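Student: Take a look at the following structure, please.
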Amino acid sequence: MASLRRLSALLAALGTFSQIPTTYAADTVYISGTGLDGVTRQLAVDRAPALYTGDFGDCLGGESLMNITKFDAGFYYDNSTVLFHLEGATNLQNDSLMLYISVEAYGQNRFSMTVDPCFMNVDSLCPLNASIPITAYALFHIGEQQVSGIPQIAFEIPDFEGFARIQIFSNASQTEIGCFQAVMRNGNTFSQPAAIGPVLGVFTIAAIVASFATAAYGVSIPHMRTHYAHSLSVLAIFETYQSIFFSGALSVNWPSVLPAWWSNFAWSAGLIPALSIVHSVDSFAGVSGNASQVGGAGSTIINNQGGLLQQIYGRSLSTDVPDIYGRSVATDMPNSETKGALDLARRSVILAKRQPYNANNPYDYNWNGDPVTPGMPIPGDWSGFAGDLSELGIPAPDAFTIALIWLLIVLALVAFLVVSFKFVLEGLVKLKWINQDRLQFFRSHWRGYTCMVLLRTLFIAFFSMMVLAMFQISHHGRAGPTALAAIIFVFFMLGVGGLAIYALNFRLRFGKFASEPDRILVQRKTVWKFLPWLVPVRHSQLKEKESVQKPIFSLPFVHWHFMDNDKDRTKVHQDEPYLKRFGWLSARYRLSRWWYFIVWLGYQLIRACFIGGATSSPLAQIYGLFVVDVLSLIIIAAFRPYEGQRNTALAVWLLGLTKIATTGLSIAFLPRFGIDRILATVIGVVIIVMQALLTIAVLILIILGSISSWMSLTRNREYFPSQRLEGVRIKYFEHLERRALDKEAPKKEKPTAKLNPPEPEDKLPDLPKEPYFSVNSVRRISKIEDEDDDFIAEMEPVNASGPSTTPHPLNRTRRVDSVSSRHSVSSLPRGARVHRVSWSSRDFNSWQTTELDRPGTTLAKRLSGHAPSLSETNITGVLKNQASESSFRAYGTVVAGSRPMSPTLEQEERVINKEISS
Ligand SMILES: *[C@@H]1O[C@H](CO)[C@@H](O)[C@H](O)[C@H]1NC(C)=O
Ligand SMILES: *[C@@H]1O[C@H](CO)[C@@H](O)[C@H](O)[C@H]1NC(C)=O
Ligand SMILES: *[C@@H]1O[C@H](CO)[C@@H](O)[C@H](O)[C@H]1NC(C)=O
Ligand SMILES: *[C@@H]1O[C@H](CO)[C@@H](O)[C@H](O)[C@H]1NC(C)=O
Ligand SMILES: *[C@@H]1O[C@H](CO)[C@@H](O)[C@H](O)[C@H]1NC(C)=O
Ligand SMILES: *[C@@H]1O[C@H](CO)[C@@H](O)[C@H](O)[C@H]1NC(C)=O
């Protein structure tokens, strides 16, 4: 019990959990009651008990010889009363009964009592009479001793894991003729979809809007791509929610807290239990039954005068028959101490008359549960995906069809929103409320956008639809939904998968793969200055100073790389036709990892196979998934595919580590380990804490991502609304530009920095506390390198390097790269001169001259004459060009006076670029 208490303290620290609403009518009746703690209080009669039953089902699997419409039990701690209420009908004639009521919590029997209905004057059960409906309503007074098994903590812990069970035994045959089980609750739960769902939804919508805005705003496609790549990936957000929800699809017996927590994320997988949809899907999925009762009483009246023979009903004698008839005792029988309590209970029944239930009286209560919906597992059982879904009220055979319906609804909604956005914009332009050129590109390409948004939605739904389709197929439900699942499975495999392969082939068809021998060298390094560590390095990637170190051992390896037939082909992120067509797949990834979408699809497919397809073999499912998660983290971390840091942080590190930890901890729930249910709940809470932290991280990343996307949208504006963020904005544009070339951040002079790759590059950009940079204050004392001729040549202002307006045919690639560089430069607002590694005083002077000397005519010269090339890898070279160009632009702003940073500028530049490259 101490452990349970500690657990509850932990849970209490996690926050407050809402109590189920109790409606207080105006004419609430109050009574005074003395609780088990000895305190006397005024109590509303219709209050919820400290522990009470929820939904109930038939624990003989639908073979109970009674139809039960009501089974409520409640334990009022505050007036020491146990309430018990049973209603139903039977087809047994003249059978006397014994009732055995028990409460099991956290895997142990905590309370039990044997009740003789005749002793309590429950006429409808004494004896059972087919022509009289069962109405048993009883209140027992109980003492401290009888509930000693139920600790105080059980009344507070969220998602109390337990159930109340009533077993009905026939005196004539001494067999169990009925068993009903109801989940026990105390009103606290982690399942708050009504509160958490909308919060997550609002944040997700913010991320969707940011992502869409960065994709729709602008005129130059490569430029738009760069900014889009740095908005937070909606795919990664949904992947996070879905992976949290589908943690519950593993076939183990979950502690009740977990399905309750996961139910908050079910919407992301399309499992929203709208009653009308569930009901209409029920008949299609073959889920049938009477939702207003449980039990299996036939319609023919059984007169068991001669004794009810168990053989007649083909049922074997229940093994857990309690010692009512002096028979051998089952394993979970209450011990002798509890039996003493039972006798006491029998004696202490204070109110035992049959009491017809009147719904109109003020004693009416609304905390009770209902007969379990057909197709649902027995209440109090949270095993496997069916148990996870039961928290939502979705029968497992319905899950796939419901998700499919919601997917279609979302697709329709998304298409409608994009199209109506376009027409709203047109309307606003007509009314002259916005500029003619506002979002011009989106307005003219709205069909393409609609297609891309729909395809992207399908891409996001890929994982959950695959899991649910495989779950449906592997569970051999009715033919209809199974066939539908097979069709959707094939559609996603061939449709989305085929499209991705086509997108890959579209770029790769003009080339071939080549291999060359390589070696993996394993070197000894030290992490954090003390921890020895082995680092594998590819021989071909070794830098000179690293190769000095002697490797411990090396492995042969083959280095594959792609050889394009046309070496000067436009880079994929500059390739406008490709971006227009397949940007929705490739745009978020780094230049060298643009093909990552195919890896992602393969990875999600493998995960879906384990989660959805292997539910019948839990061992293979969990261990397999664990291996997949560990390997995928290693591989994805090695790829580091995302161009944006926030996406890397979320989709690579946070998500990967949480997946591994969740699956790893889930191994403990495997039946072979047989862990205690309290320990299982503790592990469950650890999982919840981790996933909650992940969720909070997602929300924070959405906020940061929205700020960065907002900056992206102001890239053609001179001033940023927030002065404080101006410096951040400039730094962000610089960063964007560097990442677009797939370059790492400049390395700090820290020898250990390289050993820990995730830290330096994947950390979120820290927002500086104040503007940290001001060009005007740059002063520089000459350095020795200023005297170095080579260096000076490199630092020379652009126009000094000799204008060359006619492009050299061999420089084609270089020019293309320069386009990207210029595009990013145009991101810089006025005054955003990129600071360079070092300024020379001479350079600063000539820069000023340039500014005074209006170089309008030299624009083309500058742009074409000094384009940075990829070969110019040192950051100085790249920044140098930015500096000179931004200086030009700054000048242009002052002189021209018209909206120089407006989209028109981006447009003009593009035109110029076109001219140059043609
Ligand atoms: C305790 O409270 C319940 C619910 O209001 C009520 O039905 C019951 O009669 C009370 N018990 C006593 C002993 O007053
Ligand atoms: C069952 O109820 C009917 C009607 O009240 C009564 O006539 C009959 O005797 C009852 N049977 C038994 C076994 O009590
Ligand atoms: C019901 O059964 C009891 C004993 O099993 C018998 O004594 C009684 O007469 C029966 N009542 C009816 C109405 O059949
Ligand atoms: C049923 O059996 C139990 C245990 O043998 C006994 O205590 C009880 O009185 C019986 N009920 C009836 C109605 O005979
Ligand atoms: C379902 O059960 C209720 C209550 O027992 C009953 O009134 C109703 O007729 C049943 N419906 C069907 C279709 O069996
Ligand atoms: C119990 O329910 C079933 C199914 O609704 C019905 O056919 C049967 O007649 C009911 N039995 C009694 C005794 O009400």
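The backbone N, Cα and C atoms fix where each Cβ goes, glycine too.
As the structure is a computational prediction, the values presented were derived from the model and not from experiment.
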Student: In TrEMBL, one of 559-578, 839-858, 899-918 is tagged region 'Disordered'. Which stretch would that be?
Tutor: 899-918
Student: Compare 399-425, 446-471, 483-504, 651-670, 682-707 by their Cβ pairs under 8 Å to the transmembrane segment (195-220) and return the stretch that comes out on top.
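Tutor: The stretch I would name here is 682-707.
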Student: Between 483-504, 620-639, 682-707, who has the most Cβ pairs under 8 Å to the transmembrane segment (232-254)?
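Tutor: The stretch I would name here is 682-707.
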Student: Which numbers of helix, strand and coil residues does DSSP report for the domain 'ML-like' (49-191)?
Tutor: 11 helix, 78 strand, 54 coil
Student: Of the listed stretches 399-425, 483-504, 620-639, 651-670, 682-707, which one has the most C-beta pairs under 8 A with the transmembrane segment (446-471)?
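Tutor: Selected stretch: 399-425, with the most Cβ pairs under 8 Å.
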Student: Can you tell me the mean pLDDT for the domain 'ML-like' (49-191)?
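Tutor: Within the domain 'ML-like' (49-191), the model's average pLDDT equals 87.
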